[in-house]
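Notes to accompany the following structure.
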Amino acid sequence: MAGWAGAELSVLNPLRALWLLLAAAFLLALLLQLAPARLLPSCALFQDLIRYGKTKQSGSRRPAVCRAFDVPKRYFSHFYVVSVLWNGSLLWFLSQSLFLGAPFPSWLWALLRTLGVTQFQALGMESKASRIQAGELALSTFLVLVFLWVHSLRRLFECFYVSVFSNTAIHVVQYCFGLVYYVLVGLTVLSQVPMNDKNVYALGKNLLLQARWFHILGMMMFFWSSAHQYKCHVILSNLRRNKKGVVIHCQHRIPFGDWFELYGEERSPGDRFPSSRR
């Protein structure tokens with residue numbers, strides 16, 4: 001963005017470095033998993049770390065040292081509790097700044113500065129084009145935080161009232177990553193908003209006047225994919241319930257209906273869309 005400084009793509013700030021490190025770790029795990037068995041000795045701890053749920057139950061009995069790091073898969077709901085509270089708070093601070101002109105809290109402003117990702121107004125860069133871009137970026141950040149919070153709230157509802165979790169487990173490292181993930185996602189989104197000192201820089205009082213075609217398209221895709229993901233989760237849940245809605249087993253069966261007619265995997269096909277990332 002021409003009129004803003006502090007977020008050039010060439011700068012490897014701490015937050016970008018952390019995301020690159022996580023991506024490299026996932027890529028390394030994938031390559032190790034795909035490597036021929038003769039080249040990589042079998043390691044129970046490594047296999048236990050990259051698998052979760054029903055995939056942990058396949059094969060021989062897992063060592064006791066591996067089972068010591070298990071947490072119930074139903075703890076997925078904790079991810080969304082953290083996301084609703086944390087990202088809801090970030091959304092509140094952003095809304096206060098956008099619509100009421102209130103500055104960010106000092107601790108949040110300092111955190112964004114420490115992460116080195118906040119876009120601050122550059123001196124002498126007050127062209128009309130840069131101000132319009134700033135308004136579009138502020139609206140984009142606001143909408144993404146809204147959708148992230150709405151998605152987390154819906155998934156939390158599903159964890160409590162829709163999903164039927166079996167007695168499978170996830171690794172404690174995977175659990176901690178899930179908690180940290182939603183904290184980092186919110187900060188990453190918020191870091192894209194243009195700022196003037198501790199205040200969000202917005203063009204005019206009516207933020208909706210900055211709406212563009214890609215904002216509308218993004219909203220349509222979000223609601224469309226969210227509705228389909230919810231339907232798919234209901235279908236998966238009903239496979240473990242009787243007609244009265246009572247849970248009768250925790251076995252895995254082949255689902256039918258909605259996107260499952262196009263996608264031949266037991267995992268919800270809605271997980272392939274950005275709005276449904278766990």
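Cβ from N, Cα, C; glycine included.
Under the heading transmembrane segment, TrEMBL lists 90-112 (among others). For the transmembrane segment (90-112), the residues of the chain that approach it from at least six positions outside its boundaries are 118, 138, 141-142, 145-146, 149, 186-187, 189-191, 193, 195, 197-200, 202, 207, judged by C-beta separation under 8 angstroms.
TrEMBL lists 133-152 (among others) with the feature transmembrane segment.
As annotated by TrEMBL, transmembrane segment applies to 172-190 (among others).
Sequence annotations record features per position, and here TrEMBL assigns transmembrane segment to 211-230 (among others).
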Using a Cβ cut-off under 8 Å, which residues of the same chain at least 6 positions beyond either end of the transmembrane segment (172-190) come close to it?
15, 18-19, 49, 52, 69-71, 75-76, 78-80, 82-83, 86-87, 90, 94, 111-112, 115, 117, 141, 144-145, 148, 152, 278
